[in-house]
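> The structure that follows is given in the form of structure tokens.
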């Protein structure tokens, strides 16, 4: 069975995602589409608007055959780590192809780029070291570095999906049997676009509509079942967790805050001062952010604080990774059975108490996610993969 | 100026407290009455129903001349530590007398008892060691011990105010110039009494009435201004802090929980299990409590968890105690001026940033107390003693 992987968040699932799954199958000619999906906390450091089981079910009903959870330790990370986690899981599943959306307008060959970086890592690192700490932002620095090596390409490290695409390409090139890459140009709605187009809209625009109770305005860009889920299931945003985050920042000593993963350079002082005066999560980040600590970086740090993440926990997952199945179609289940014996990572279809240590970070992040609403169901123990026929 | 001390919580202030202040003045013949009052967290491990500044104002309007805050490190403690903190502050203020309520019905001479314990501490400790770990509760054990030494007195260690009285007496006897003790028998309403008597009621009964929105039922046992405060000012109970406590217990590792002051004997496991299933603070304590971990002990532990209290912080306050003035009448202010020069502890009338380290625990507990309601005002910085003329 030929398989095509996609690495996704579905926050929430919309028509553009269905199009992505369909095109993945079509472009690659694969029999099954495997989605590696972030769990309840996302790449940009946000709680998912709707829980991972619901999002997995929606994906399985709209073109995906198998949904694997990207562990928290990889999901809530900048592009390179996020991509490395997704590609690692797909590689272990012996996936043939990888299809990803891109907002890049040039005709970059991602595979060539991946191979180039893989073969010139030393020189690139050196070039990066030379311009490091020059006051530019990370995207600006990377653009600068790659201009040296690719003088004819206009590298744009400011569009998030393109950056992810480059990260997938780099990670993929490090494997013995790299997947074939299928970049898919985004139609209609850009990543940060907040307007609602005819049939497609950005997830940001949809979330805004949900939180301002204007779901009707975005119904036409959502599969019917997703619109129902978004109106009947509990939806959460950072604001639901703000009282807990504020409490955590104010009740912790500076020494304790410094033990949190990625807490660096004295940002803990700024965070405590901001927490004292802020009345909302939005205000908190606005208050704390600097040129160096961008919104997304701070949001990710806020997630680490909320979930009380330590460096050693991230390392532990990197050393003991696993494949946690959120759901499958019949095809997806058949694929899993076929590949099962050749997996190097443990396959988890049910979280039992004896996995409490290995999956501690995922289990805890899910428990804390549940505090966002009384109506969010248990996320770990006793949950079986969703079957869609 | 002759002064009589009282050690109080005022949760909330009621007619019985006014009677106590009046009788303190009358019995001792003192010119001024000094109340050492718990701040925003109380002896039994509860947030105060109404903030300390409001309670101090009410006390000053109803018979008290000077209100000193009992630091968190002494206030949220079992009887002996609570009493030692209160007596220490009054001793430093060169207070002459101490008047306390008692629910003991026998005619015990507290001063004699205090002296006896002071002079026989070794034998008492030995007797206690002999019966320790016999499965009896601490009050039962103490009753047993004292029966040996006072065979003719019916010692009852189960009534909270009597226990506090004994603790005051013991602590007081250790000073060079002990205060004269004036035990005041409680009239009408017992400590745990939940019925509303004609003019007196227990604070428990009043809190219940406030939380069930039946303030009218208890108005006659409250000074008018207190009834107004209780209906217009923010009032809180443990339930307001329950989401934060639950989050803290679930987000902390067992190692982190073990660092909390008084976390012993594996109770951290029970607490995590209880937090997972409990939907309210009440359920949480019900679920976690055992014969050994009584309601009050667990409630105190819950307060330490909420406020993130470490052993070293308690010790630090014990070694660097201070007198924080919450308010005074003109008489009280005159008294302070008179005694000022002879104080051995620092006198604090305004909390400035440079006291942030010494008063860290009090400041933090106040900040966290504020999370119980949007309407609770800043409790530390920029607050001056309340003046009542």
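Heads up, the Cβ atoms here are built off N, Cα and C, so glycines get one too.
The ATP binding site annotation in TrEMBL covers A:7-20, A:101, A:161, A:186.
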> For residue A:19 (ATP binding site), what is the secondary structure state per DSSP, taken as helix, strand or coil?
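Helix, per DSSP.
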> Using CB atoms and a 10 A radius, I'd like the single residue among the binding-site residues A:10, A:13, A:19 with the highest neighbour count.
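The residue with the densest Cβ neighbourhood is A:13.
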> Please identify which of A:7, A:161 has the densest Cβ environment, defined as other Cβ atoms within 10 Å, among these binding-site residues.
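Selected residue: A:7.
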> Would you mind checking how many other C-beta atoms are within 10 angstroms of the C-beta on residue A:16 (ATP binding site)?
20
